[in-house]
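Going by TrEMBL, these are the annotated features:
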type    : residues                           : note
DOMAIN  : 7-196                              : domain 'Fructose-1-6-bisphosphatase class I N-terminal'
BINDING : E93, D115, L117                    : Mg(2+) 1 binding site
BINDING : D115, D118, E282                   : Mg(2+) 2 binding site
BINDING : D118, G119, S120, S121, N210, K276 : substrate binding site
DOMAIN  : 200-333                            : domain 'Fructose-1-6-bisphosphatase class 1 C-terminal'
Amino acid sequence: MASRTISLTRYLVEQQRIDGLIPGQLRLLLEVVARACKRISQAVNKGAVGDILGAAGSENVQGEMQKKLDIIANEVLIEANEWGGHLAAMASEEMEGIYVVPNRYPQGEYLLLFDPLDGSSNIDVNVSIGTIFSVLKKPEGHPGVTEEDFLQPGSRQVAAGYCVYGPQTTLVLTVGDGVAEFTLDREQGSFILVQENMRIPEDTREFAINMSNMRHWAPPVKRYIDECLAGKDGPRGKDFNMRWIASMVADVHRIITRGGIFMYPWDKREPEKPGKLRLMYEANPMGWLIEQAGGAATNGMQRILDIQPTKLHERVSVILGSKNEVERVTSYHRQ
Ligand code: AHM
Ligand code: MG
């Protein structure tokens, strides 16, 4: 627990002063995203009373059924961010193309990407869900903004974070200088710093994977999980526990808090797809947060943050969390 009460606003102002990591426009951007997350959190809290549960009756670009809350969260993020002058454009898991800031507003230098409501299948059952976001700089040298401007590897992110709507609403953030955690104090209406420099233990006894897909996995993933399941008498010499929330945001939050490994690997169900999760809205921001907290993130073969995206909605295989475990699974893939 922080000894003084430090709001997100104060934290960002002080960071800007200390190391210049947060220029004015980026600070505004992060404040606006946090404000949007507060609004989404309010909607989530109301549940059925606010008429936000259930299907919207439409499909997104990935062919997934949209929930009402997917659409509400997407709109909240766009409305909050379009007028401030800090953004050139946005991209969302729920929109086919990029959303260029309308001409009536000033254009900023940043690009914002988000998964407005991660863990959609948990909305109606009152289990933790969240918002994931990633910030890039618009490449210089040409007027306007195009989809290609977004196709930058995760290593070029200038900020990334997520907000979990669970028993508490918690915002976790990096600007490349470690990971800080803020909890929403509803009475004050502000995010309060609760932890700086979050660190993921290098070793773990806890894994997160959807075990129902076991028969579809590639041999390296099967080998790793088999070895975990063999427990104390197996090659790992220790017992493992399993957790799977089916909201990446909540699984990653647990891992950043107490360690563990999360995997959504390629599998044989849809062999032409590299994985289920999205590189730009999920894997890159989470990968960077995990690295900033001392963990690792790969697709089995290479560092997630080094992948050069070829399209906005690109999918990827994801292995992230405690460093030694991620390195082990990655080495099984390379053998
Ligand atoms: P979403 O962005 O449409 O909610 O999908 C992503 C979610 C992740 O949060 C989670 O890890 C995964 O899908 C769960 O998938 P599954 O239902 O196959 O276990
Ligand atoms: Mg998602």
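Using the three backbone atoms N, Cα and C, a Cβ is placed for every residue, glycine included.
TrEMBL entries are annotated by machine, without manual review.
Location within the structure of each feature annotated in TrEMBL.
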| residue | record | contacts (Cβ under 8 Å, 6+ apart) |
| --- | --- | --- |
| E93 | Mg(2+) 1 binding site | N60, Q62, F114, D115, P116, R278, Y281, E282, H313 |
| L117 | Mg(2+) 1 binding site | I40, K67, L69, D70, A73, N74, E94, I123, I129, G130, T131 |
| D118 | Mg(2+) 2 binding site | I129, G130, T131, I132, Y162, S247, M248, V249, E282 |
| G119 | substrate binding site | V127, S128, I129, G130, I245, A246, S247, M248, V249, A250 |
| S120 | substrate binding site | E64, Q66, K67, L69, D70, I129 |
| S121 | substrate binding site | A246 |
| N210 | substrate binding site | W244, A246, Y264 |
| K276 | substrate binding site | Y264, R315 |
Specify the count of other C-beta atoms within 10 Å of the C-beta of D115 (Mg(2+) 1 binding site).
28
Would you report the average pLDDT that the model assigns to the domain 'Fructose-1-6-bisphosphatase class I N-terminal' (7-196)?
94
The number of other Cβ atoms within 10 Å of the Cβ of E282 (Mg(2+) 2 binding site), counted over all protein chains shown, is 28
Helix-strand-coil residue split for the domain 'Fructose-1-6-bisphosphatase class 1 C-terminal' (200-333), DSSP-based
59 helix, 23 strand, 52 coil
List the binding-site residues D115, L117, E282 whose Cβ sits under 6 Å from any atom of ligand 1, in sequence order.
D115
Output: those binding-site residues from D115, L117, S120, S121, K276, E282 whose CB lies less than 6 Å from an atom of ligand 2, in sequence order; none if no residue fits.
D115, E282
Tell me, by DSSP, whether E93 (Mg(2+) 1 binding site) is helix, strand or coil?
coil
Around the recorded Mg(2+) 2 site, report the further residues of that chain (criterion: Cβ within 8 Å of the mean position of the Cβ atoms of D115, D118, E282; site residues excluded), sequence-ordered.
E93, F114, G119, G130, T131, I132, Y162, M248, V249, L277, R278, Y281, M286
Within the same chain, and leaving aside E93, D115, L117, name every residue whose CB is within 8 angstroms of the centroid of the CB atoms belonging to the recorded Mg(2+) 1 site, in sequence order.
D70, A73, N74, S92, E94, F114, P116, D118, S120, T131, I132, Y281, E282
